[in-house]
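Novice: Just lifted these from Swiss-Prot, have a look:
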ACT_SITE  60  active site, proton donor/acceptor
BINDING   20  substrate binding site
BINDING   50, 54, 56, 173  Zn(2+) 1 binding site
BINDING   56, 161, 173  Zn(2+) 2 binding site
(Lines of atoms letter the chains of each structure in order from A; the text may use other names.)
(Lines give C-alpha, C1' and ligand atoms only; values in the text may rest on other atoms or scores of the structure.)
Protein backbone atom coordinates (compact mmCIF):
# COMPACT_ATOMS: atom_id res chain seq x y z
CA UNK A 1 0.00 0.00 0.00
CA UNK A 2 1.34 3.44 -0.93
CA UNK A 3 1.89 5.77 1.99
CA UNK A 4 -0.18 8.41 0.20
CA UNK A 5 -3.31 6.27 0.21
CA UNK A 6 -5.97 7.17 2.75
CA UNK A 7 -7.74 4.32 4.55
CA UNK A 8 -11.33 4.73 5.68
CA UNK A 9 -11.87 3.72 9.32
CA UNK A 10 -15.49 4.87 9.50
CA UNK A 11 -18.66 2.83 9.79
CA UNK A 12 -20.70 3.28 6.58
CA UNK A 13 -23.96 5.07 7.34
CA UNK A 14 -27.03 3.40 5.89
CA UNK A 15 -30.51 2.40 6.95
CA UNK A 16 -29.23 -0.88 8.42
CA UNK A 17 -26.74 0.61 10.87
CA UNK A 18 -27.35 -0.10 14.55
CA UNK A 19 -28.19 2.70 16.96
CA UNK A 20 -28.27 2.98 20.72
CA UNK A 21 -31.43 1.29 22.06
CA UNK A 22 -34.18 3.90 22.18
CA UNK A 23 -32.23 6.43 20.11
CA UNK A 24 -33.24 7.85 16.74
CA UNK A 25 -32.91 5.29 13.93
CA UNK A 26 -30.76 6.26 10.96
CA UNK A 27 -32.71 7.13 7.83
CA UNK A 28 -31.70 8.47 4.45
CA UNK A 29 -34.15 8.96 1.62
CA UNK A 30 -34.46 11.02 -1.53
CA UNK A 31 -37.19 13.46 -0.55
CA UNK A 32 -37.19 15.36 -3.83
CA UNK A 33 -36.28 13.34 -6.89
CA UNK A 34 -34.72 14.53 -10.14
CA UNK A 35 -37.97 13.64 -11.86
CA UNK A 36 -39.87 15.91 -9.45
CA UNK A 37 -37.41 18.79 -9.37
CA UNK A 38 -36.46 18.66 -13.01
CA UNK A 39 -32.74 18.88 -12.26
CA UNK A 40 -31.46 17.21 -9.06
CA UNK A 41 -32.01 14.57 -6.41
CA UNK A 42 -32.27 16.04 -2.89
CA UNK A 43 -31.82 13.74 0.09
CA UNK A 44 -33.15 13.92 3.62
CA UNK A 45 -31.14 12.60 6.56
CA UNK A 46 -32.48 11.69 10.01
CA UNK A 47 -30.08 10.36 12.61
CA UNK A 48 -28.74 10.50 16.12
CA UNK A 49 -25.42 12.28 16.42
CA UNK A 50 -24.07 9.20 18.20
CA UNK A 51 -24.64 6.81 15.30
CA UNK A 52 -21.65 5.30 13.56
CA UNK A 53 -18.20 6.84 13.86
CA UNK A 54 -18.49 10.02 15.89
CA UNK A 55 -16.94 12.32 18.45
CA UNK A 56 -18.39 13.34 21.81
CA UNK A 57 -18.41 16.90 23.07
CA UNK A 58 -18.52 17.52 26.85
CA UNK A 59 -22.11 18.81 26.52
CA UNK A 60 -23.05 15.19 25.82
CA UNK A 61 -22.61 14.36 29.52
CA UNK A 62 -22.34 17.80 31.17
CA UNK A 63 -24.98 20.51 30.76
CA UNK A 64 -22.28 23.13 31.21
CA UNK A 65 -19.78 21.41 28.93
CA UNK A 66 -18.39 22.62 25.64
CA UNK A 67 -20.36 21.98 22.47
CA UNK A 68 -18.93 20.80 19.18
CA UNK A 69 -18.17 24.22 17.73
CA UNK A 70 -16.21 25.08 20.90
CA UNK A 71 -13.79 22.18 20.42
CA UNK A 72 -10.27 22.59 19.05
CA UNK A 73 -10.35 21.05 15.57
CA UNK A 74 -6.56 20.67 15.65
CA UNK A 75 -7.05 17.70 17.97
CA UNK A 76 -8.82 15.72 15.25
CA UNK A 77 -6.05 16.04 12.66
CA UNK A 78 -2.51 14.76 13.02
CA UNK A 79 -0.31 11.79 13.90
CA UNK A 80 -2.01 8.86 15.65
CA UNK A 81 -0.94 5.45 16.87
CA UNK A 82 -3.02 2.27 16.66
CA UNK A 83 -2.41 -0.41 19.29
CA UNK A 84 -4.08 -3.75 19.91
CA UNK A 85 -5.84 -4.31 23.24
CA UNK A 86 -7.97 -7.31 22.25
CA UNK A 87 -9.41 -9.81 24.73
CA UNK A 88 -9.68 -7.35 27.61
CA UNK A 89 -12.84 -6.60 29.59
CA UNK A 90 -11.58 -3.16 30.55
CA UNK A 91 -8.61 -0.97 29.74
CA UNK A 92 -6.78 1.33 32.12
CA UNK A 93 -3.33 2.43 33.11
CA UNK A 94 -2.20 -1.12 33.91
CA UNK A 95 -3.01 -2.45 30.45
CA UNK A 96 -1.28 0.42 28.63
CA UNK A 97 1.91 0.70 30.68
CA UNK A 98 3.73 -1.84 28.51
CA UNK A 99 3.18 0.17 25.32
CA UNK A 100 5.62 2.81 24.15
CA UNK A 101 3.45 5.93 24.00
CA UNK A 102 6.01 8.70 24.38
CA UNK A 103 5.32 11.47 21.88
CA UNK A 104 1.89 10.06 20.92
CA UNK A 105 -0.89 12.67 20.75
CA UNK A 106 -3.71 10.53 19.38
CA UNK A 107 -4.24 6.91 20.39
CA UNK A 108 -6.64 4.46 18.73
CA UNK A 109 -7.45 1.24 20.58
CA UNK A 110 -8.33 -1.91 18.67
CA UNK A 111 -10.41 -4.21 20.87
CA UNK A 112 -11.77 -6.38 17.99
CA UNK A 113 -14.72 -7.06 20.25
CA UNK A 114 -17.56 -6.19 17.92
CA UNK A 115 -17.26 -5.85 14.18
CA UNK A 116 -20.90 -5.74 13.11
CA UNK A 117 -22.17 -2.24 12.44
CA UNK A 118 -25.67 -3.63 11.88
CA UNK A 119 -25.90 -5.10 15.40
CA UNK A 120 -25.64 -3.10 18.61
CA UNK A 121 -23.39 -4.96 21.08
CA UNK A 122 -24.66 -6.24 24.42
CA UNK A 123 -21.31 -5.83 26.20
CA UNK A 124 -18.18 -3.92 25.25
CA UNK A 125 -14.68 -3.47 26.64
CA UNK A 126 -14.61 -0.13 28.43
CA UNK A 127 -12.05 2.35 29.65
CA UNK A 128 -11.47 2.71 33.37
CA UNK A 129 -11.29 6.22 34.75
CA UNK A 130 -7.64 5.87 35.76
CA UNK A 131 -6.67 5.84 32.10
CA UNK A 132 -7.29 9.60 31.85
CA UNK A 133 -4.44 10.81 34.05
CA UNK A 134 -2.11 8.22 32.49
CA UNK A 135 -2.88 9.39 28.96
CA UNK A 136 -2.57 13.02 30.00
CA UNK A 137 0.89 12.41 31.44
CA UNK A 138 1.91 10.94 28.08
CA UNK A 139 0.65 14.02 26.25
CA UNK A 140 -2.23 12.22 24.52
CA UNK A 141 -5.06 14.55 23.48
CA UNK A 142 -7.43 12.14 21.73
CA UNK A 143 -8.49 8.56 22.46
CA UNK A 144 -10.35 6.51 19.88
CA UNK A 145 -12.17 3.20 20.38
CA UNK A 146 -13.80 0.67 18.05
CA UNK A 147 -16.94 0.41 20.19
CA UNK A 148 -19.93 2.76 20.76
CA UNK A 149 -18.70 4.16 24.09
CA UNK A 150 -15.66 4.52 26.31
CA UNK A 151 -17.85 3.57 29.28
CA UNK A 152 -19.91 0.40 29.89
CA UNK A 153 -23.10 0.46 27.85
CA UNK A 154 -25.43 0.47 30.87
CA UNK A 155 -23.37 2.91 32.94
CA UNK A 156 -24.97 6.18 34.07
CA UNK A 157 -22.00 7.77 35.84
CA UNK A 158 -19.81 7.88 32.70
CA UNK A 159 -16.64 8.13 34.75
CA UNK A 160 -14.35 7.65 31.75
CA UNK A 161 -16.09 10.38 29.75
CA UNK A 162 -15.82 12.84 32.62
CA UNK A 163 -12.23 12.05 33.51
CA UNK A 164 -11.01 12.09 29.93
CA UNK A 165 -12.32 15.56 29.22
CA UNK A 166 -11.25 16.75 32.68
CA UNK A 167 -7.73 15.87 31.55
CA UNK A 168 -8.14 17.51 28.14
CA UNK A 169 -8.57 14.27 26.18
CA UNK A 170 -11.10 14.19 23.35
CA UNK A 171 -13.21 11.12 22.55
CA UNK A 172 -13.66 9.35 19.20
CA UNK A 173 -15.97 6.32 19.14
CA UNK A 174 -16.96 3.54 16.72
CA UNK A 175 -13.85 3.61 14.53
CA UNK A 176 -13.21 0.52 12.39
CA UNK A 177 -9.72 -0.89 12.91
CA UNK A 178 -9.83 -4.60 12.10
CA UNK A 179 -8.50 -4.04 8.57
CA UNK A 180 -5.47 -1.96 9.55
CA UNK A 181 -2.21 -2.87 11.25
CA UNK A 182 -0.80 -1.50 14.46
CA UNK A 183 1.47 1.45 13.96
CA UNK A 184 1.70 5.15 13.27
CA UNK A 185 -0.67 6.97 10.95
CA UNK A 186 -1.90 10.41 10.05
CA UNK A 187 -5.51 10.80 11.20
CA UNK A 188 -8.29 13.06 10.01
CA UNK A 189 -11.59 12.80 11.91
CA UNK A 190 -13.10 16.26 11.74
CA UNK A 191 -16.50 16.96 13.30
CA UNK A 192 -19.11 19.01 11.49
CA UNK A 193 -19.43 22.69 12.42
CA UNK A 194 -22.52 22.07 14.56
CA UNK A 195 -23.12 25.11 16.75
CA UNK A 196 -25.06 23.64 19.67
CA UNK A 197 -24.42 19.91 19.35
CA UNK A 198 -23.29 17.35 21.92
CA UNK A 199 -21.32 15.40 19.34
CA UNK A 200 -20.86 14.93 15.63
CA UNK A 201 -20.52 12.18 13.04
CA UNK A 202 -17.09 12.13 11.39
CA UNK A 203 -15.49 10.57 8.32
CA UNK A 204 -12.37 9.16 9.94
CA UNK A 205 -9.47 8.32 7.64
CA UNK A 206 -5.83 7.39 8.21
CA UNK A 207 -2.69 6.89 6.13
CA UNK A 208 0.62 5.35 7.17
CA UNK A 209 3.48 7.65 8.10
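Each residue, glycine too, has its Cβ placed from N, Cα and C.
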Novice: Report the nearest neighbour of residue 161 (Zn(2+) 2 binding site) in space among the binding-site residues 50, 56, 173, comparing Cα positions.
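Specialist: Answer for the nearest of the binding-site residues: 56.
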Novice: Looking at the recorded positions 50, 54, 56, 60, 173, which has the shortest Cα distance to the residue listed as 'substrate binding site'?
Specialist: 50
Novice: Would you say which of the recorded positions 50, 54, 60, 161 has the most Cβ atoms within 10 Å of its own Cβ?
Specialist: 54
Novice: Residues other than 56, 161, 173 within 8 Å, Cβ to Cβ centroid, of the Zn(2+) 2 site?
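Specialist: Result: 55, 60, 61, 149, 150, 151, 164, 171, 172, 199.
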Novice: Using the alpha carbons only, what distance in Å do you get between residue 50 (Zn(2+) 1 binding site) and the residue listed as 'active site, proton donor/acceptor' once rounded?
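Specialist: Approximately 10 Å lies between the Cα of residue 50 (Zn(2+) 1 binding site) and that of the residue listed as 'active site, proton donor/acceptor'.
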Novice: Tally every other Cβ atom lying within 10 Å of the Cβ atom of residue 56 (Zn(2+) 1 binding site).
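Specialist: Result for residue 56 (Zn(2+) 1 binding site): 26 neighbouring Cβ atoms inside 10 Å.
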Novice: List the residues in the vicinity of the Zn(2+) 1 site, defined as same-chain residues other than 50, 54, 56, 173 with C-beta within 8 angstroms of the site's C-beta centre.
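Specialist: Output for this site, in sequence order: 49, 55, 60, 148, 149, 171, 172, 174, 199.
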Novice: If you count other Cβ atoms within 10 Å of each one's Cβ, which of the binding-site residues 20, 173 has the most?
Specialist: 173
Novice: Taking the Cα atoms as reference points, how far is residue 60 (active site, proton donor/acceptor) from residue 54 (Zn(2+) 1 binding site) in Å?
Specialist: 12
